[in-house]
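If you look up Swiss-Prot, you'll see G15, S16, G17, K18, G19, T20, R126, V135, Y136, T199 marked as ribonucleoside 5'-triphosphate binding site. Here Swiss-Prot flags 35-64 as region 'NMP'. Under the heading AMP binding site, Swiss-Prot lists S36, R41, L62, L63, V64, G89, F90, P91, R92, Q96, R170. The feature N6-succinyllysine is assigned by Swiss-Prot to K60, K179, K186. Among the features that Swiss-Prot reports, region 'LID' is placed at 125-162, with the record citing sequence analysis. Under the heading N6-acetyllysine, Swiss-Prot lists K175, K179, K186, citing a large-scale study or a structure entry as support.
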Amino acid sequence: MASKLLRAVILGPPGSGKGTVCERIAQNFGLQHLSSGHLLRENLKTGTEVGDVAKQYLEKGLLVPDHVITRLMMSELETRSAQHWLLDGFPRTLVQAEALDGICDVDLVISLNIPFETLKDRLSRRWIHPSSGRVYNLDFNPPQVQGIDDITGEPLVQQEDDKPEAVAARLRRYKDAAKPVIELYKSRGVLHQFSGTETNRIWPYVYTLFSNKITPIQSKEAY
(Lines of atoms letter the chains of each structure in order from A and count residues from 1; the text may use other names and numbers.)
(Lines give C-alpha, C1' and ligand atoms only; values in the text may rest on other atoms or scores of the structure.)
Protein backbone atom coordinates (compact mmCIF):
# COMPACT_ATOMS: atom_id res chain seq x y z
CA MET A 1 0.00 0.00 0.00
CA ALA A 2 1.48 3.33 -1.07
CA SER A 3 2.13 5.73 1.78
CA LYS A 4 1.86 8.86 -0.40
CA LEU A 5 -1.01 11.21 0.28
CA LEU A 6 -4.11 10.53 -1.79
CA ARG A 7 -5.37 13.24 -4.15
CA ALA A 8 -8.88 12.36 -5.34
CA VAL A 9 -11.60 14.20 -7.27
CA ILE A 10 -15.30 13.48 -7.69
CA LEU A 11 -17.15 14.89 -10.72
CA GLY A 12 -20.88 14.96 -11.40
CA PRO A 13 -23.75 17.34 -12.11
CA PRO A 14 -25.81 18.90 -9.29
CA GLY A 15 -28.15 16.23 -7.91
CA SER A 16 -25.96 13.31 -8.99
CA GLY A 17 -25.40 12.21 -5.38
CA LYS A 18 -21.82 13.51 -5.21
CA GLY A 19 -22.26 14.83 -1.68
CA THR A 20 -23.53 11.49 -0.34
CA VAL A 21 -20.71 9.53 -1.99
CA CYS A 22 -18.14 12.03 -0.67
CA GLU A 23 -19.46 11.72 2.88
CA ARG A 24 -19.16 7.93 2.73
CA ILE A 25 -15.64 8.10 1.33
CA ALA A 26 -14.58 10.59 4.03
CA GLN A 27 -16.19 8.46 6.75
CA ASN A 28 -14.65 5.18 5.57
CA PHE A 29 -11.18 6.41 4.62
CA GLY A 30 -10.58 9.48 6.78
CA LEU A 31 -10.05 11.84 3.84
CA GLN A 32 -10.74 15.56 4.05
CA HIS A 33 -13.85 16.23 1.95
CA LEU A 34 -13.35 19.66 0.38
CA SER A 35 -16.45 21.02 -1.36
CA SER A 36 -15.95 24.16 -3.46
CA GLY A 37 -19.59 25.17 -2.84
CA HIS A 38 -19.20 24.84 0.93
CA LEU A 39 -15.90 26.75 0.95
CA LEU A 40 -17.42 29.50 -1.18
CA ARG A 41 -20.36 29.85 1.25
CA GLU A 42 -17.95 29.98 4.21
CA ASN A 43 -15.89 32.71 2.55
CA LEU A 44 -19.01 34.71 1.67
CA LYS A 45 -20.26 34.41 5.24
CA THR A 46 -16.98 35.43 6.89
CA GLY A 47 -16.29 38.20 4.38
CA THR A 48 -12.81 37.12 3.30
CA GLU A 49 -11.10 38.91 0.42
CA VAL A 50 -11.91 36.13 -2.04
CA GLY A 51 -15.46 35.94 -0.63
CA ASP A 52 -15.99 39.64 -1.29
CA VAL A 53 -14.74 39.26 -4.88
CA ALA A 54 -17.12 36.31 -5.44
CA LYS A 55 -20.00 38.29 -3.93
CA GLN A 56 -19.64 41.02 -6.58
CA TYR A 57 -20.34 38.44 -9.30
CA LEU A 58 -23.15 36.67 -7.45
CA GLU A 59 -24.97 39.93 -6.72
CA LYS A 60 -25.10 40.57 -10.47
CA GLY A 61 -26.47 37.08 -11.09
CA LEU A 62 -23.21 35.97 -12.71
CA LEU A 63 -21.27 32.74 -12.26
CA VAL A 64 -18.16 33.09 -10.12
CA PRO A 65 -15.30 32.99 -12.66
CA ASP A 66 -12.57 30.36 -12.86
CA HIS A 67 -9.81 32.52 -11.43
CA VAL A 68 -11.81 33.30 -8.25
CA ILE A 69 -12.80 29.66 -7.57
CA THR A 70 -9.25 28.54 -8.37
CA ARG A 71 -7.78 31.07 -5.93
CA LEU A 72 -10.24 29.95 -3.25
CA MET A 73 -9.38 26.27 -3.69
CA MET A 74 -5.62 26.75 -4.03
CA SER A 75 -5.38 28.66 -0.76
CA GLU A 76 -7.41 25.94 0.99
CA LEU A 77 -5.28 23.14 -0.50
CA GLU A 78 -2.10 24.86 0.69
CA THR A 79 -3.32 24.40 4.26
CA ARG A 80 -4.17 20.72 3.55
CA SER A 81 -0.86 19.66 2.01
CA ALA A 82 -0.19 17.10 4.76
CA GLN A 83 -3.64 15.45 4.49
CA HIS A 84 -5.37 13.00 2.16
CA TRP A 85 -8.15 14.89 0.39
CA LEU A 86 -11.17 14.51 -1.87
CA LEU A 87 -12.31 17.45 -4.01
CA ASP A 88 -16.00 17.92 -4.72
CA GLY A 89 -17.11 20.55 -7.27
CA PHE A 90 -13.55 21.37 -8.34
CA PRO A 91 -12.12 21.25 -10.97
CA ARG A 92 -15.22 22.03 -13.05
CA THR A 93 -13.39 23.38 -16.09
CA LEU A 94 -10.19 22.63 -17.97
CA VAL A 95 -8.65 25.89 -16.70
CA GLN A 96 -9.30 24.77 -13.10
CA ALA A 97 -7.91 21.27 -13.82
CA GLU A 98 -4.73 22.79 -15.25
CA ALA A 99 -4.34 25.00 -12.16
CA LEU A 100 -4.70 21.89 -9.97
CA ASP A 101 -2.01 20.17 -12.07
CA GLY A 102 0.33 22.96 -11.01
CA ILE A 103 0.30 21.83 -7.38
CA CYS A 104 -0.25 18.06 -7.44
CA ASP A 105 -0.85 14.89 -9.43
CA VAL A 106 -4.43 13.64 -9.11
CA ASP A 107 -4.47 9.90 -8.30
CA LEU A 108 -8.13 9.01 -8.67
CA VAL A 109 -11.13 10.64 -10.35
CA ILE A 110 -14.71 9.41 -10.09
CA SER A 111 -17.30 10.74 -12.53
CA LEU A 112 -21.00 10.17 -11.77
CA ASN A 113 -23.35 10.10 -14.77
CA ILE A 114 -27.09 10.35 -14.29
CA PRO A 115 -30.04 10.41 -16.73
CA PHE A 116 -31.72 13.82 -17.13
CA GLU A 117 -35.19 12.55 -16.13
CA THR A 118 -33.80 11.10 -12.90
CA LEU A 119 -31.92 14.29 -12.19
CA LYS A 120 -35.01 16.41 -12.82
CA ASP A 121 -37.14 14.27 -10.48
CA ARG A 122 -34.46 14.19 -7.81
CA LEU A 123 -33.87 17.95 -7.82
CA SER A 124 -37.59 18.71 -7.67
CA ARG A 125 -37.64 16.76 -4.38
CA ARG A 126 -34.63 18.64 -3.01
CA TRP A 127 -34.78 21.11 -0.11
CA ILE A 128 -31.83 23.06 1.24
CA HIS A 129 -30.83 24.69 4.53
CA PRO A 130 -29.32 27.91 3.13
CA SER A 131 -26.80 28.88 5.80
CA SER A 132 -25.15 25.44 6.16
CA GLY A 133 -25.73 24.07 2.66
CA ARG A 134 -27.30 20.88 4.10
CA VAL A 135 -29.36 19.13 1.43
CA TYR A 136 -32.45 16.99 2.01
CA ASN A 137 -34.35 14.83 -0.46
CA LEU A 138 -37.97 14.02 0.35
CA ASP A 139 -37.58 10.47 -1.01
CA PHE A 140 -34.34 9.15 0.41
CA ASN A 141 -33.04 11.72 2.90
CA PRO A 142 -36.10 13.58 4.30
CA PRO A 143 -35.88 16.00 7.25
CA GLN A 144 -37.37 14.71 10.53
CA VAL A 145 -39.97 17.49 10.34
CA GLN A 146 -41.11 18.53 6.87
CA GLY A 147 -39.64 21.88 5.82
CA ILE A 148 -37.37 22.16 8.89
CA ASP A 149 -33.59 21.62 9.23
CA ASP A 150 -32.80 18.72 11.60
CA ILE A 151 -29.93 20.48 13.36
CA THR A 152 -30.92 24.15 13.67
CA GLY A 153 -34.73 23.98 13.42
CA GLU A 154 -34.57 26.70 10.76
CA PRO A 155 -36.76 26.58 7.63
CA LEU A 156 -35.65 24.77 4.47
CA VAL A 157 -36.02 26.31 1.01
CA GLN A 158 -36.29 25.07 -2.56
CA GLN A 159 -33.92 26.68 -5.01
CA GLU A 160 -35.20 28.39 -8.15
CA ASP A 161 -32.62 26.52 -10.18
CA ASP A 162 -34.06 23.15 -9.11
CA LYS A 163 -37.01 23.74 -11.49
CA PRO A 164 -37.05 21.55 -14.66
CA GLU A 165 -36.03 24.21 -17.23
CA ALA A 166 -33.24 25.40 -14.95
CA VAL A 167 -32.12 21.80 -14.32
CA ALA A 168 -31.84 21.21 -18.08
CA ALA A 169 -29.75 24.37 -18.50
CA ARG A 170 -27.50 23.47 -15.55
CA LEU A 171 -26.95 19.96 -16.87
CA ARG A 172 -25.98 21.32 -20.30
CA ARG A 173 -23.59 23.82 -18.69
CA TYR A 174 -22.06 21.11 -16.53
CA LYS A 175 -21.58 18.72 -19.48
CA ASP A 176 -20.04 21.39 -21.71
CA ALA A 177 -17.54 22.44 -19.04
CA ALA A 178 -16.83 18.94 -17.69
CA LYS A 179 -16.27 17.17 -21.01
CA PRO A 180 -12.63 18.32 -21.49
CA VAL A 181 -11.91 17.69 -17.78
CA ILE A 182 -13.24 14.12 -18.09
CA GLU A 183 -11.22 13.59 -21.30
CA LEU A 184 -8.06 14.88 -19.59
CA TYR A 185 -8.33 12.46 -16.65
CA LYS A 186 -9.41 9.62 -18.95
CA SER A 187 -6.25 10.09 -21.04
CA ARG A 188 -4.18 9.77 -17.86
CA GLY A 189 -5.83 6.52 -16.82
CA VAL A 190 -7.13 7.84 -13.49
CA LEU A 191 -10.82 8.23 -14.43
CA HIS A 192 -13.54 5.82 -13.26
CA GLN A 193 -17.06 6.50 -14.54
CA PHE A 194 -20.27 5.29 -12.91
CA SER A 195 -23.73 5.48 -14.45
CA GLY A 196 -26.85 5.06 -12.41
CA THR A 197 -28.83 6.63 -9.69
CA GLU A 198 -28.38 4.61 -6.53
CA THR A 199 -25.49 5.36 -4.22
CA ASN A 200 -25.85 1.95 -2.56
CA ARG A 201 -25.40 0.20 -5.89
CA ILE A 202 -22.16 1.93 -6.86
CA TRP A 203 -20.71 2.15 -3.34
CA PRO A 204 -19.01 -1.31 -3.28
CA TYR A 205 -17.09 -0.38 -6.47
CA VAL A 206 -16.13 3.04 -5.14
CA TYR A 207 -15.03 1.46 -1.86
CA THR A 208 -12.80 -1.03 -3.70
CA LEU A 209 -11.21 1.72 -5.81
CA PHE A 210 -10.27 3.72 -2.73
CA SER A 211 -9.18 0.60 -0.81
CA ASN A 212 -6.57 0.00 -3.51
CA LYS A 213 -5.10 3.44 -2.81
CA ILE A 214 -5.53 3.98 0.92
CA THR A 215 -6.22 1.81 3.98
CA PRO A 216 -9.86 2.06 5.13
CA ILE A 217 -10.51 3.20 8.69
CA GLN A 218 -13.73 1.17 8.80
CA SER A 219 -15.44 -1.51 6.73
CA LYS A 220 -17.65 -0.72 3.75
CA GLU A 221 -20.71 -1.89 5.66
CA ALA A 222 -20.49 1.38 7.60
CA TYR A 223 -22.96 3.43 5.62
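The backbone N, Cα and C atoms fix where each Cβ goes, and this holds for glycine too.
Applying DSSP to the region 'NMP' (35-64) sorts its residues as follows: 22 helix, 1 strand, 7 coil. For R92 (AMP binding site), none of the binding-site residues have C-alpha atoms inside a 10 Å radius of its own C-alpha, out of G15, G19, R126. Residues 15, 19-20, 35, 37-38, 41, 45, 170 of the same chain, all 6+ positions outside the region 'LID' (125-162), place their C-beta atoms under 8 angstroms from a C-beta of that stretch. Recorded residues V64 (AMP binding site) and K175 (N6-acetyllysine) have their alpha carbons 17 Å apart, per Cα-Cα distance. Of all the binding-site residues given, namely F90, Y136, the one with the smallest number of surrounding CB atoms inside 10 A is Y136. Summarising the environment of K186 (N6-acetyllysine), the number of other Cβ atoms within 10 Å of its Cβ, over all protein chains shown, is 14. Computed over the region 'LID' (125-162), the whole-number mean pLDDT of the model equals 89.
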